[in-house]
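**Q** Once you've had a glance at the structure underneath, I'll fire off some questions.
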Amino acid sequence: MRFRSDMTVELVKASAADSDVLWAARVSTQGEQSLDEAGADPARSGGLINFLMRDRHGSPFEHSTMTFLVSAPIFVFREFMRHRVWSYNEESGRYRKLEPVFYVPGPDRKLVQEGKPGKYVFVSGTEEQHKTAEETVRRSCEASYAAYLEMLDAGIAREVARSVLPVGIYSSMYATCNARALMHFLSLRTKHEEATFPSFPQREIEMVAEKMEAYFAELMPLTYAAWEANGRVAP
Ligand SMILES: Cc1cc2nc3c(=O)[nH]c(=O)nc-3n(C[C@H](O)[C@H](O)[C@H](O)COP(=O)(O)OP(=O)(O)OC[C@H]3O[C@@H](n4cnc5c(N)ncnc54)[C@H](O)[C@@H]3O)c2cc1C
């Protein structure tokens, strides 16, 4: 049995640069010559990207793609896969035996919700509450995994035996998106003071989103800066 509190995100493939946005946008005025201009005059390029972002001309941001390998609990993937304009492939609980790797909230995970729905905040919780959460998660996962193994040993198919496993079990998937879809995802799955439309995501999917955001900022710095400057609203 292995217990983890972290999420991992690896960028496995990217065709993503600010210049993709520029050649895609400039084709409207320059036709096929727009590619030659892609790297020219960075200051003007930043201005164009900012204009596209501000006025929500989103399609030029769809030509940059990123593929991530994500390892996270199934409850995070359930939220993730609501984002329909991404492409996904996930490991199968029908075709392979699932490994006993489970999520347990780490010491910095705020455990207690206070306030009304829509206005609540999370606070850390007492040491006792942390101890209860950790011990209960461990005990419950151990019992579930033992039941899973018992069924497999009895010759019951994986697809049936998995029904006793909790949503805290880790899974892995490849997730591919374009920059526009990523900005939309980040706007909903991160909490940010400066956002025009603040969101209140579950912390665990936010941990995944934060890692993706760091890759995005590195690959497409002008686009990232324009998105931030325009209230983190996807164009
Ligand atoms: C904080 C938070 C709490 C949430 N709570 C709940 C909850 O309690 N219950 C629940 O069920 N969901 C919940 N969700 C999920 C939420 O309702 C969305 O399904 C999810 O955020 C994906 O957003 P999206 O549809 O904009 O994204 P995507 O599916 O990636 O779509 C991107 C954009 O494409 C367009 N689009 C895609 N498909 C269609 C379509 N069929 N018709 C028209 N336009 C389309 C829309 O403009 C959409 O914004 C929550 C999300 C967040 C961030």
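Yeah, the Cβs are placed from backbone N, Cα and C, and that goes for glycine too.
Reproduced below are the annotations present in TrEMBL:
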BINDING   Ser59, Arg82, His83, Arg84, Glu90, Asn178, Ala179, Arg180, His184  FAD binding site
BINDING   Glu79, Phe80, Met81, Arg82, Glu90, Glu91, Ser92, Gly93, Arg94, Arg162, Arg189  dUMP binding site
ACT_SITE  Arg189  active site, involved in ionization of N3 of dUMP, leading to its activation
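Describe the structural surroundings of these features, if you would.
**A** Same-chain residues at least 6 positions away in sequence with a Cβ under 8 Å from that of Ala179 (FAD binding site) are, in sequence order, Ala16, Asp20, Val21, Phe61, Glu62, Ser64, Thr65, Met66, Phe216, Met220, Thr223. In the three-state DSSP assignment, the secondary structure recorded for Ala179 (FAD binding site) is helix.
Taken residue by residue with DSSP, Arg94 (dUMP binding site) is part of neither helix nor strand, so it is coil.
Arg189 (dUMP binding site) carries a helical DSSP state (H, G or I). Of all Cβ atoms in the protein chains displayed, 22 besides its own lie within 10 Å of the Cβ of Arg189 (dUMP binding site).
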**Q** What is the interatomic distance between the Cα atoms of Met81 (dUMP binding site) and His184 (FAD binding site), given in whole Å?
**A** 13
**Q** Considering only the binding-site residues Ser59, His83, His184, which residue has the minimal Cα-Cα separation from Ser92 (dUMP binding site)?
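**A** That would be His83, the closest of Ser59, His83, His184 to Ser92 (dUMP binding site).
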**Q** Going by C-alpha distance, which of the binding-site residues Glu79, Arg94, Arg189 is nearest to Ser59 (FAD binding site)?
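**A** For Ser59 (FAD binding site), the closest Cα among Glu79, Arg94, Arg189 is found at Arg189.
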**Q** List every residue in the same chain as Glu79 (dUMP binding site), at least 6 positions away in sequence, whose Cβ is under 8 Å from its Cβ.
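**A** Long-range Cβ contacts: Arg189, Pro201, Gln202, Ile205.
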**Q** Can you tell me which of these binding-site residues sit near ligand 1, meaning the Cβ is under 6 Å from at least one of its atoms: Ser59, Glu79, His83, Ser92, Ala179?
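**A** Those binding-site residues that pass the cut-off, since their Cβ is under 6 Å from ligand 1, are His83.
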